[in-house]
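Contents: one structure, followed by commentary.
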């Protein structure tokens with residue numbers, strides 16, 4: 001099992017070597033002859049089920065570097081191989097795969113380095129009893145051994161050889177061929193044809209790169225540009241094109257780009273504008289020799305350059321215009337008189353006079369007023385120099401008043417008025433809003449003061465507009481603005497216009513001038529509220545005394561009801577209170593209080609004036625320590641002395657000593673001695689011999705202090721403010 005694993009590992013190694021190899025040494029075993037079937041030690045091959053001396057032959061091949069004295073021992077530096085059993089005694093081996101699919105003839109030894117040109121070869125023929133046992137370490141299995149060293153050049157041709165040892169003959173052949181894409185004497189030149197971004201080439205016989213048409217460079221990655229493309233200013237990404245770099249243009253990128261806007265200039269480098277002769281300025285757009293370049297003057301006029309891009313033309317007689325392009329029409333001012341016809345000449349004019357007239361402009365007449373030349377009632381007068389003049393009546397013209405005039409032809413009427421020709425005069429029928437002889441005046445539509453209620457009138461064509469004061473609207477400001485227009489009533493109320501006022505008809509449950517208040521008890525029907533003048537934006541009307549009185553009565557009734565409820569509650573509370581205990585016939589009083597009353601409720605703390613809340617109300621000091629104990633109140637009319645703090649903790653002590661105090665109150669005289677309690681709530685008093693320390697005073701100067709006695713005080717003493 002271990003040998004099979006070793007064989008599989010060797011095959012995988014050989015395959016990996018083939019992947020990365022540059023060439024392959026190939027050994028072809030052709031024929032092996034073992035005439036007597038003997039081993040190398042002349043013993044007969046035994047074992048197995050075949051005939052005696054039948055040697056089941058397999059081969060071990062070892063390829064190593066060139067050695068002058070070849071050693072058959074490992075390592076096989078170039079590779080080794082062990083074949084399966086290929087035959088018995090004498091046999092021939094065909095090319096390709098044999099009986100055993102694990103063997104292929106020739107045996108291949110891939111190389112991952114340059115072929116050195118020399119090698120040493122060891123071929124051992126071995127015998128095995130079992131096809132599964134292909135161990136080569138046992139020398140007893142050896143049939144024959146071939147050791148040789150050779151020089152070998154790379155090529156496709158096989159080198160034939162025959163090894164004879166006397167008892168055995170081995171005929172074999174070998175060669176070294178380069179792997180695909182490898183070339184050269186040692187298969188060290190790598191060349192793989194490609195046509196992509198990394199190259200465009202094929203490979204020659206010796207592995208040289210032969211660029212595809214249109215490509216050049218060491219790896220054929222540089223395209224050959226269009227023939228004539230400038231080497232510096234042009235480039236290409238693929239063969240046959242010529243792309244220009246920035247600032248250059250043209251088919252071959254040999255033309256510089258001029259400065260933008262340059263008209264009559266050239267450049268030697270990009271963005272230049274070198275003006276041509278006769279041109280100036282930043283953009284070479286100012287013609288310094290306009291007359292020569294443009295020849296603007298026509299009709300034989302003389303051109304004179306007057307500056308950059310300017311000129312003047314001196315026209316010949318009979319021509320005018322900036323470039324003398326206009327021929328002067330000498331007949332334009334109608335120089336011919338008396339109905340003569342004018343003919344324009346190149347530099348003058350000619351008048352063709354009607355019968356009876358002569359002169360350059362036919363100004364002279366051969367007729368007189370005696371001949372009656374004037375028509376249509378024209379008045380004739382003789383001229384001192386000869387001839388006559390006809391004074392035409394209105395509506396006629398011409399030298400002899402022979403032409404009837406169109407009085408409306410000159411459009412004398414303005415502002416779209418229609419002109420009516422009356423023969424001797426005309427009449428303008430004006431459009432609405434205009435007046436005057438020629439309808440030139442706009443009729444003042446505000447003259448009649450159409451705007452009412454102090455509105456301002458603005459006149460327009462056959463119309464007017466009024467700017468109304470607040471409270472009015474309409475064409476003439478005659479319509480008052482509706483007070484309900486802006487929806488003053490709230491909560492679904494209905495607005496009613498009442499002249500200059502409005503009224504809100506409130507929905508059930510709402511009230512107020514604008515129905516903005518929610519009523520606690522809505523009236524049974526809808527409420528109509530007449531707004532006061534403060535809400536109506538106008539003054540006038542009586543003050544609503546009835547509503548005010550009704551409101552006051554409602555408030556008083558409410559207060560009386562509350563007072564009655566309070567009195568009832570207090571009466572019920574007094575009924576549930578226990579009756580006060582009698583003082584046992586004690587008649588001695590102090591500050592209108594009996595001794596028993598003074599004895600009770602003396603267990604209070606000393607509180608400074610700064611700790612008393614002044615509320616300007618009557619203070620109610622009430623102590624309730626049980627049903628068996630009566631209560632009393634000390635009233636201070638202006639100060640509320642809050643003495644509730646920490647009184648509950650002393651209730652038990654007060655209950656225990658209550659009966660003892662009552663007895664004491666009855667037997668004690670008014671001049672009895674005071675016994676000081678050992679402790680006070682205001683603080684500990686370590687010395688019992690200082691009775692005056694029981695009554696402490698506050699240092700507060702704003703208010704007087706309340707003297708507080710301990711609950712354990714024996715005498716019936718009450719503290720008060722003096």
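Cβ coordinates are placed from backbone N, Cα and C, and glycine is handled just like the others.
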Among 165, 538, 669, 693, residue with annotation phosphoserine (source: Swiss-Prot): 693
Candidate ranges 715-718, 719-722 [criterion: Swiss-Prot lists as region 'Interaction with MAGI1']: 719-722
Listed range which Swiss-Prot flags as transmembrane segment, given the options 500-522, 546-568, 569-591: 546-568
Which candidate, of 114, 221, 638, Swiss-Prot gives the annotation phosphothreonine: 638
Ubiquitin cross-link per Swiss-Prot (candidates: 475, 613, 702): 613
Tertiary contacts of the domain 'EGF-like 1' (225-253), as residues 6+ beyond its ends and Cβ separation under 8 Å: 213-215, 269-271
